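Remarks on the structure that follows.
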Amino acid sequence: MSSSSSSSSSCCMLLIGLLCVVLIGGSLSHAQLSPTFYDSTCPNASNIVRGIIAEALKTDARIGGSLIRLHFHDCFVNGCDGSLLLNNSATIQSEKEAPPNNNSARGFGVVDNIKTALETACPATVSCADILAIAAEESVSLAGGPSWNVSLGRRDSTTANRTAAGLFLPGPTEALSVLKAKFLAVGLNSTDLVALSGAHTFGRAQCSTFINRLYNFSGSGNPDPTLNTTYLSTLQGICPQNGNTTVVTNLDLTTPDVFDNKYFSNLQSLEGLLQSDQELFSTTGDETVAIVNNFTANQTAFFASFVVSMIKMGNISPLTGTAGEIRLNCGKVNNSTGSDGLLYSSM
């Protein structure tokens, strides 16, 4: 792929500047979170989360990938504050309806099931933001990936930011320069970008996220030249022109439901599904190429970097102390009347 143009660089700098304005409470000097935060108040929180995800996996093999994506999409918009989970209300425009999430983000029912179980076990204790962080770790672990001690103590926002979600969430058709800018704006570097992209080792993606590569890439009238021709034919069979763009296929064609390093060897074979995946390896001369090669050769190195990057991402501008609240229902701010007519009291 070609290197960034001066206009792309200007766009990237604008993104960084805008994000600094849009972030609320937005110091990127991370508040102190702790893996032991619930040890005395809800010691079984992680086990409860794991049990519900394990049950969901019996009927939905892609739920792990969906849940980790919720944590990712939450943290990139005003920090890891559970804002993604809020539904539309008289005062809130839900981030669920921002273009990167609309008819795409999923797993909210499982999050609600987790919240219900935690409210039964430990009422008004575990935040929805922390549920997303725990669910991400448990999803990875259940798929054969690494485990880590999740830093906890986040509180939930009372606002959402649909505009920021539309602007600052990394997109599947974006160039590497833009992806790097969006990660840098929240304190994440190129190693974090490659490591966190490795979460695409499990889960699914809709045709709409990669059909741009199959027939008329960048207006060329031809497919993306960095797409393996055999894989291209397979994908064209799944996603015909003018077909149903909500059809899904595996993000990792090799081991689609296992958390491993095959995602990176796929990139070396030009079998990354999304443009944003393949850019990591096919952008000639970029530092990301060596990182991909390292993670392909050494799964232990990938797992170690992934854990570090997940903890860093989970530390993006959390609400702590008395900021925000502990929502009783992840889709509604406390002391608000929901569509069910019930009043949700505050902590």
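For all residues, glycine too, the Cβ spot is worked out from N, Cα and C.
When TrEMBL is consulted, the disulfide partner of C42, picked from C75, C80, C122, turns out to be C122.
Candidates considered were C207, C330. The record in TrEMBL pairs C239 in a disulfide bond with C207.
In this structure the alpha carbons, written CA, of G79 (Ca(2+) 1 binding site) and H200 (heme b binding site) are 21 Å apart. Separation of the C-alpha atoms of H200 (heme b binding site) and R69 (site 'Transition state stabilizer'): 9 Å, rounded to the nearest whole number. For S83 (Ca(2+) 1 binding site), the number of other Cβ atoms no farther than 10 Å from its own Cβ, over all displayed protein chains, is 29. Residues near H73 (active site, proton acceptor) in space but far in sequence (CB under 8 A, at least 6 apart, same chain), listed by position: L84, E95, P100, N101, A105, A165, L169. Cβ neighbours of D74 (Ca(2+) 1 binding site) (same chain, under 8 Å, six or more residues apart in sequence): C80, D81, G82, S83, L84, L85, A129, L132.
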